[in-house]
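Contents: one structure, followed by commentary.
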């Protein structure tokens, strides 16, 4: 019998065997999970790719930032459908909207994976989703508080320019036209906020800003508009910056002009030019605008509000003293002056830049629009006050009406001098608050391109350069009237009328459509045309005014 030799079998280390078995189990579980996975995959860190499953097909998403889901799937989205949940949970929000990074799609930073498809489906508006319930607001504002903030945001230095607006329109035409323009501006704000609510429900987003609404609307609109989604966001932010920088320039002219009037009364032998006074006013602002925390600017805001309130009340006493008859005033001004009226009224009335911020902070956002609503009541008060000041201010001073009603007050009167100085100081302090918004928009757009160790010095440098730019523009264009009209015509015609109308056309493109006879299309076409007419005519007439001033024929 042949003797078989035994073959020695090496014994495996027990620890290595356990690790090998555990690894195999993990791989098996991962493969099984990928087959039956119904939610979004775990998201890897930035610059890595992850595999996920969506609508029963594998997709590869590259460079997806780290995401922390904001809400429980069933509670947040109101659905148990696996395919719908997969799509919805992939729609993450931008950091400035909620504390979650954005997933890019079609060149957009909005939380989209797919654009809307014709015929609806899972991507249509979800009536069961209430965006207001998912807003994370630490200190929401009540209806009354929002009403007060709306008045504060809309009642600015523009009210002092309303008599000049009536000078360019005529007493009776200005009375009617101011209410009409006010109604149009209010309606366009309604359009913007209503479209924002629709998009929030449609995309399961708790809140949006102005630029967010514009970008999302283009992505939801016709295919031809989707490629312009990033551009419309850029345009909205650009016009917001230009508008606010323009307001800062107007503030410099306003403060310099009022201070000059008072000082010149006591130093008639050595009068300084308005341009030199603007330079003097700009110098302290170079240091004040280096304050980056709004908390430290709050005391200046309180002082500014108090001084402005007292100054306007005293101004009213001068206006309503010894009012002349209406027979000595022009009822309807020459049509060539109407663009200046339009630009001035738009500048004074349009508070669309603050509307979305106010609505986003409300405890009951549904109360912001509708009838009655916070917006209607607030704008009703604003339009009435502006009309009151414009009508009686022009009635009081007639053809002598100046760019700011405070400049018409008797300079030899001590009380009038105090009003000029009070309102000038109020506007001076308001400059720092107005300046805070454009610098925030600009810095947010370029911050990521600058090395962390250089960001502080760079931000301070940009702040100083912007203040110097405002001062240079104010020195070059020290005439309040055409300046106010130019800013109103260029920026606020675009933001207040043209953009909201285009947004509604994009949002209503497929669902629910433009209505019987396409009335929404015709209505928005009229608003867009009206906005463009105001834009071009107001800009043209304002430039002619500046040209005449530089040539000495103004």
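Each residue, glycine too, has its Cβ placed from N, Cα and C.
Annotation source TrEMBL lists domain 'Amino acid transporter transmembrane' at 140-543. Annotated transmembrane segment per TrEMBL: 171-193, 234-254, 274-291, 303-320, 340-358, 370-395, 415-439, 460-477, 483-509, 521-543, in sequence order.
When each of the listed stretches 274-291, 303-320, 370-395 is scored by C-beta pairs under 8 angstroms to the transmembrane segment (415-439), 303-320 comes out highest. Among 303-320, 370-395, 460-477, 483-509, 483-509 has the largest number of CB pairs under 8 A with the transmembrane segment (234-254). Among the recorded stretches 274-291, 303-320, 370-395, 460-477, 483-509, the one sharing the largest number of Cβ pairs closer than 8 Å with the transmembrane segment (171-193) is 370-395. Within the chain, the transmembrane segment (370-395) has long-range Cβ neighbours (under 8 A, six or more residues past its boundaries) at 143, 146-147, 150-151, 154-155, 158-160, 162-167, 171, 174-175, 178-179, 182-183, 185-186, 189-190, 193, 316, 319-320, 323-324, 326, 329, 345, 348-349, 351, 355, 362, 401, 405, 408. Sequence-distant contacts of the transmembrane segment (274-291), counting only residues of its own chain at least 6 positions beyond either end whose CB sits under 8 Å from a CB of the stretch, comprise 252-253, 255-257, 259-260, 297, 428, 431-432, 435, 439, 460, 463-464, 466-468, 470-471, 474-475, 478.
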